[in-house]
Amino acid sequence: MAQFECTEHMESFLRELPKCEHHVHLEGTLEPSLLFKLAKRNNITLPESFPKSVEECTDRYNRFADLQDFLDHYYIGMSVLITENDFYDLAMDYFAKAHSDGCHHSEVFFDPQGHVERNIDIDTVIQGFHRACKDANSKYGTTNKLIMCLLRHLPAENGLQTIHSASKYYEDGIIHGLGLDSSEKPFPPELFTECYAHIKTNYPGIGLTAHAGEEGDHTFVSTSLDLLQVSRIDHGVNSHQNEELMKRLATQETLLSLCPLSNVKLQVVKDVAELPIAKFFEMNVPFSINSDDPAYFGGYILDNYKAVHTRFGFTMEQWKVIAINGIKGSWCDDDRKQELFELVEVVYKKYAVTIDA
Ligand code: ES4
Ligand code: ZN
């Protein structure tokens, strides 16, 4: 269903265009090769039902029935992560790939409850990921922020406890945001009002976001805005179902962190072309393009950009607007934003001029 060509020139432009990623789960960057390596190193026996090789993973990962089917694999996958070095290695592999894709700023999710319930200390998880954020910054010059997600299939009480056990990391600026993920439809946003209120009251500078409108309808998006008071929505594809909501997102400049290849792999749509991306663009609803769980969905950030390009054929000028909206909606400071805006201009001039010449 690719209607537009992604020329070599366009591909280089998209790679060099300074991109920000706002929606990637570090546990979702666990490539099958690393998964099996860590299972061996840590003496973990995977369940009988789990694919037995890299090839079997690739095949099974291509046939997820829905979000829950994927999550069942995702939680088994993360069971191989045991030591601080495992978390560090996982994140460093992602940061290396993001850097080679031209991603300059990453805000990355992690799911502490998925580790704590396996008796891994929350400090092991956060310290491994934080060390990787710092090292990636020194090695690649990228900026990286951690967003702690609560698992919505667990009770809000457990979420609140998790927030308490991560409090020192919020105070020290090691964790920059709060998110909400896992099975959406049975666990609506209002269940987590108290968790979000706790963060907003105690750490007012912390960014708030939530997965909404991936499998849930547009009311999940509105409720996340109204009750959780989030300033960003992860996925949010189903916002297009409601005109009022679309206008609200545009007026409030609420960023939707879209994940096109994820939506195809989890059967939200049959093809990227069906996503309401042109409508978001026309109605000035800001969005970014992200990889979600790249090791499971077969594509990192640049693959997602290219998939969108081949379906929507955006001009370089339109891509520039998308890149700028991603920077605006980021949770980095104004100096860093300024730096990124200027870089976008440099790359745009370099490529747009080549076309005219
Ligand atoms: C997720 Cl795609 C998606 N949706 C909800 N929760 C998630 N956790 C990891 N990937
Ligand atoms: Zn996600």
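Glycine is treated like the rest: Cβ placed from N, Cα and C.
Taken from TrEMBL, the feature domain 'Adenosine deaminase' applies to 18-345.
Taking the Cβ of His211 (Zn(2+) binding site) as centre and 10 Å as the limit, one finds 28 other Cβ atoms among all the protein chains shown. As annotated by TrEMBL, Zn(2+) binding site applies to His23, His25, His211, Asp292.
Within the same chain, the residues at least 6 positions away from Glu214 (active site, proton donor) whose Cβ sits under 8 Å from its Cβ are Leu67, Glu184, Asp234, His235, Gly236, Val237, Asn238, Asn263, Leu266, Val268, listed in sequence order. TrEMBL lists Glu214 with the feature active site, proton donor.
According to TrEMBL, the site 'Important for catalytic activity' annotation covers His235. Classification of His235 (site 'Important for catalytic activity') by DSSP places it within a strand.
What TrEMBL records for Asp293 is substrate binding site. According to its DSSP assignment, Asp293 (substrate binding site) is coil. For Asp293 (substrate binding site), the same-chain residues 6+ apart in sequence whose C-beta sits under 8 angstroms from its C-beta are Val24, His25, Glu27, Gly28, Thr29, Phe70, Tyr74, Ser262.
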By Cβ count within 10 Å, point out the most packed of the binding-site residues listed: His23, His25. His23
Among all the protein chains here, how many other CB atoms are within 10 A of the CB of Asp292 (Zn(2+) binding site)? 30
Where Glu214 (active site, proton donor) falls in three-state DSSP terms: coil
Are any of the recorded positions Glu214, His235, Asp292, Asp293 near ligand 2, with a Cβ under 6 Å from it, and if so which? Asp292
For a Cβ distance below 6 Å to any atom of ligand 1, name the recorded positions from His23, His25, His235, Asp293 that qualify, or say none. His25, Asp293
Taking the centroid of the Cβ atoms of His23, His25, His211, Asp292 (Zn(2+) site), which other same-chain residues have Cβ within 8 Å of it? Val24, Gly28, Phe109, Asp181, Asp234, His235, Ser257, Cys259, Ser262, Asn290, Asp293
